[in-house]
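Peer 1: The structure's right below; bear with me while I get my questions together.
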Amino acid sequence: MSFEEMWRALLPVGRDAATGGYHRFAWTPPELECRAWFADEARRRGMPLEHDRNGNMIAWWYPEDGTRDRAVLTGSHLDSVPGGGAFDGPLGIVSAFAAVDLLRERGAALRRPIGIAAFAEEEGARFGVACLGSRLLAGAIDPARARALTDGDGRTFAEVLHGAGLDPDAIGPDDDLLGRVGCYVELHVEQGRALAEPVGVASSIVPHGRWRFGFAGEGNHAGTTALADRRDPMIPFAGMVLAARDAAERNGTVATVGKVRVVPGGVNAIASSVTAWLDARGPADAAVRRTVDEVGAAAREAARPHRVTVEVAEESYTEIVDFNLALRDRLVRTLGGAPVLPTGAGHDAGVLSARLPTAMLFVRNPTGVSHAPAEHAETADCLAGVEALAAVLDDLARG
Ligand code: GLV
Ligand code: MN
Ligand code: MN
Ligand code: MN
């Protein structure tokens, strides 16, 4: 199967015909179809498939001498955000299989195993915590907290794992698996317009996090309730959205309210509660923290005259990630030079960098759009990405 054939096979899975956006949430039917595709691609190549205890999958190519450690791990994720693009995640996995094919055609002699990983729930679109599979693997989230996370239908992560044939009590840091891996290199579509050449190398991921704002008021009739009698949580919620924009401008950060839940959600009913999620990112921890504090203060101030209560909870936070300098330089050398750029997007590579030398390759995105249907990469650039990944894996797996 060539890169293009693999890409075409995945393309219809979970795609909304009307919008072109993808809905591949962890362990829902479209994502399970992507996982089955992954297992088929591994089987087709005779690559043993490992299911780790955190819902991640790895397809292995072992050297002939039976070496099982110091592996070079690559891969990405198969899940998507709601209405996401085709490339965010799958590009890294399809490229990894295509790179393995190239290396085999060229008779590469491995001294270290190469593993292709598909990490679970990278987007956090179902359970709210991004990079959940790699966080569990790396010990970056308390397993008890992970087990209790719920999806939009109130199903716990533990229940969903159990339904997928995994033991929820076994999730958590996996030093056996990490101990077999020497480094991780993830290829990913670039998610802004920062890359002018087909392939680049990541320097860092900016600090970023998610906060849940709960506004509690009183549900009531939209026609019979006088303005003075209302406790309408929509009003401070609206203030919070505007405050996020202002705080981001003041602090040189970015802040987004992209998800909101209004209860009960009737046209003719004052809401009883509103839950809104703030995503904030910026060049430095202090600026991001200040942004969130200012939005929280503005929300409370907007809530007071309406007798609405506000609760703010941090759902996840990732400090600045500087990718391993020696590995990054090695990638640049292997590619004969490449632009080096930071990113505002989170990745499993960022989480794993606390435990392993990690690096990333980016493939140019001419639209500069991501987490939306217009996300794009030209086939020629994707193939350049495959060549670059093959060169990097070859170099690392020989050493
Ligand atoms: C994930 O892709 C994120 O950056 O939110
Ligand atoms: Mn993403
Ligand atoms: Mn991604
Ligand atoms: Mn991501």
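Backbone N, Cα and C define each Cβ position, glycine as well.
When I checked TrEMBL for this same protein, it listed these features:
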BINDING   HIS77, ASP88, HIS188  Zn(2+) 1 binding site
BINDING   ASP88, GLU123, HIS371  Zn(2+) 2 binding site
BINDING   ARG210, ASN268, ARG281  allantoate binding site
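Describe each of these features in terms of where it is and what it packs against.
Peer 2: Around the Cβ of HIS77 (Zn(2+) 1 binding site), a 10 Å sphere holds 29 further Cβ atoms from the protein chains shown.
According to its DSSP assignment, GLU123 (Zn(2+) 2 binding site) is coil.
Within 10 Å of the Cβ of ASN268 (allantoate binding site) there are 7 other Cβ atoms, across all protein chains.
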Peer 1: Give the distance between the Cα atoms of HIS77 (Zn(2+) 1 binding site) and GLU123 (Zn(2+) 2 binding site), rounded to the nearest whole Å.
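Peer 2: Given the Cα positions, HIS77 (Zn(2+) 1 binding site) is 9 Å from GLU123 (Zn(2+) 2 binding site).
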Peer 1: Out of GLU123, ASN268, HIS371, which binding-site residues have CB atoms lying under 6 Å from ligand 3?
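Peer 2: If the test is a Cβ under 6 Å from any atom of ligand 3, the answer is none.
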Peer 1: Inside 10 Å of the Cβ of GLU123 (Zn(2+) 2 binding site), count up the other Cβ atoms and send me the figure.
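Peer 2: GLU123 (Zn(2+) 2 binding site): 22 neighbouring Cβ atoms within 10 Å.
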Peer 1: ASP88, GLU123, ASN268: which of these binding-site residues put a Cβ within less than 6 Å of any ligand 2 atom?
Peer 2: ASP88, GLU123
